[in-house]
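Taken from TrEMBL, the feature transmembrane segment applies to A:48-66, A:73-92, A:98-118, A:125-148, A:173-192, A:219-241, A:261-285, A:297-319.
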Amino acid sequence: MTYMTQTLTEPRAGLAARLKLALAIFALLAVVPPLAHAMGEPFMIIIATRMMVFAIAALSLDLILGHGAMVSFGHAAYLGFGSYAVAILSRAGISDLVLQMVAAVLASALFALVTGAISLRTRGVYFIMITLAFGQMAYFFFVSFSALGGDDGVALAARSTVLGLPLLQGETGLFYVTLGLLIAAFAGLYLLTRSRFGRVLTGTRESALRMQAIGFRPLPYQLTAYVISAAICGVAGVLLANQAVYVSPAYMSWHRSGEMIVMLVLGGVGSLTGAMTGALVTVALEEGLARFSEHWRLGFGLILVLVALLSPGGLSGLLRKFNLLRDDK
Amino acid sequence: MTDALLQVRNLRKTYGALKVTNDVSLDVHEGEIHAIIGPNGAGKTTLISQLSGQLRPDSGTVIYTGQDITALDMAARVRMGLARSFQLTTLLPSFTVLENVAVAVQAREGSSFRFFRPASTERALNDQAMECLNDVGLSGTASRLAGALSHGEKRQLELAIALATRPRLLLLDEPLAGTGHEEAAQLVDLFGRLKSRVTMMLIEHDMNAVFALADRVSVLVYGEIAACGTPDAVRNDAKVRAAYLGEEEVA
Amino acid sequence: MFNLFLLQLLNGAQFGILLFLVAAGLTLVFGIMDFINLAHGVLYMVGGYVMAMMMGTTGNFWLSLTLVLPVMLVLGLALEVLVFRRLYDRSHLDQVLATFGLILVLSELVKILWGSAPLSVPMPEALSGSIALAGPMRYPVYRIAVIGVGLAVALALWFVIARTRVGMLLRAGAANRAMVSALGTDINRLFMLVFAAGAMLAGFAGAIVSPILSVDPGMGDSILILTFVVIVIGGVGSVKGAFFAALLVGIVDTLGRMFGPILLKALMDPAAAAQAGRTIAPMLVYILMAAVLFWRPTGLFGRSVAR
């Protein structure tokens, strides 16, 4: 899958700068709730929570798409599995967040294991399309799931509890739990991509032939990454359901999957900081534009087209252009 | 006499009507440098690809250390010590030079299903990788990105990676192609030194290098072995001169 | 029962033909330019809206249908020159970004211009009747006309691809992209032509379907994904593959929705069968696609990847 290397080559020296940027973003996020309260704009907390939920999802996608060159067009399915894990378990009387997350992770991982094993037989455009097909399957499954509202989705009775505590009932509580998980996801993936495993994964992205010629079979590594990525995205789904107190198949439509790719490309593929930033900016942009006009999609679409035409490499490409992320040689 | 390290028997591969490999049988003995020469389009790279497991032959067998490996894939063969270098440089461009080699060491040193410890801090991997870089004379560029190397340096790196797999038999596909005069001389020197550790099969157009290095030479013409023997015998073979060497300046 | 089957078979074929009209251009774009175009479904939608608008002004079905073609051709050319052309050499991801953006832009423009409510286009007088099938069953003439027109387009495309110089380039391009790139300057004109023709066919499909279905902003989305399924099952770059896959998908989808629950009822109790049928029917084509790719990772008529 060499077709991606053009945007993927990540200059080494930019790494430290990216990590600093990520830490700065975390610090900035941490002060959002007090700031929002002080400004008398509590809805900012809700929007920031949404931004972070999608940032976790985008981070998970970057593991396979950015580091593994597996362009999945069905990743929103795992947002759905996570969300429905909350809906189904809470209806069965299990409202504990930890248990719901375990269920979401298991369901997502299992679906990814089966569909990933089949999808990874294909390459390039075919891989993109088969992951899309599996995403659609999951989507239609929940659309026809009339016990849970089918097409319309279903409202949750309440947010999940954490070990019996109503930690998520307030927006601030949910915000900090989400931030904590975002940092955990970032840190985990940061280590993962630099580990032996991550090295094999990125090596396969660069040249599968080279990796085979030194004795690796790419498939087990790619499939493992695919499963890990799905599991993390499932966690994001759990948070999404809690944030909206509502679950719907719309979370897993192909539009969402496309949007997740858009977040990554906007931020810069193959860089965790880029993926996270891309998601934060995308959601903020959507929410911001939606406040201006009901036709905000027109403006948002134009921005996407212009970024694609003018700035290969997304935001980090742009920053590099202006020398804000220096890459020494 | 003991069995050869690599025994190729009746190997055939066709693309449509074109017989790229036509009933090729040959032996590579432990400790020798066996050169394959032949005009462009004779099927040399296709032959190496079948020996390395990248390409499946239509029929025939490949026996390595007494085992039939015809059905094994490239990764399995590499793990048995049968490695190759590529004619078209195949590197990991966004990895550093050291990492390109270290990942090859990693392939044979313990599991790669390790998820948290940074691989770049593993001394065992880096030390062995450095040794391989020293061997090919690239230790000064260890921290540069592989994609930023000069063409000649890439050829050297290609070789260092192959060495890092600890090969018993190394298939070299035109290792000197595109190298400068000095680099080529260095590499020829290196192959001479490696000879005591590694058996080599060498595809090369540089006849000076071939006749300086090879213990035996096989001549491949239109997918068939036209001659096989010592460099002197091959050089003086009338059939070979007519088919191939006649076109070139013979040293 | 047999009549119902025949009726649904015809509906499936008619749906398949529509899918083919949309897929024919897109499979070439995928195959020859290696270009991921998500915005192709939107062109189908725009075709429907242009048709509705033309009907509003001229009141004449045939004139409107004829006018849709040049409008879509020009739109296709404009998009090629303004956007697509600049992205051929870029990664698939940049193409996804740009064409995803285009979907948003064009859908929103349509909503601004015509509103979100579905529009309907009246059927032409001459084709509004129905003809007798076996027994008491009748079938609408218009749908038969759609099938006929689709087959005619398929035949014309076959002629172009099998018999003309452009077709030779297209076939060469689908088999080996590097070969076409080696042909030099001709290639830019070929790409433009493929894009514009693809846009025209997709718009034409949107226009002829408008009297059967209503025209609404979401119509492009649903057909786009099914078009992908068709292209992938048929093999990227193969118009012949797209034709057979389109019929297959159209028929499987239509029959599955109709007969899936009926067949399941023979196996389980009615309520469960109804639920299971509703669940499985829309998933059927995706299961079909996954199955095809499992056994033939490059589709039915796709070139196999050298190993």
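Note that Cβ sites are derived from N, Cα and C of the backbone, with glycine treated the same way.
Quick caveat, the model's predicted, so the values are computed rather than measured.
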Interface-richest range of A:48-66, A:98-118, A:173-192, A:219-241, A:297-319 toward the transmembrane segment (A:73-92), CB pairs under 8 Å: A:219-241
Same-chain residues at least 6 beyond the ends of the transmembrane segment (A:219-241) whose Cβ lies under 8 Å from its Cβ atoms: 49-50, 53-54, 56-57, 59-61, 63-64, 67-68, 70, 72, 75, 78-87, 97, 100-101, 104-105, 107-109, 111-113, 116-117, 119-120, 156, 160, 174, 177-178, 181, 185, 188-189, 192, 197, 200-201, 204, 247, 251
When counting Cβ pairs under 8 Å to the transmembrane segment (A:173-192), the leader among A:48-66, A:98-118, A:125-148, A:261-285: A:48-66
Cβ contacts the transmembrane segment (A:125-148)/the transmembrane segment (A:261-285), at least three under 8 Å, sequence gap 6 or more: no
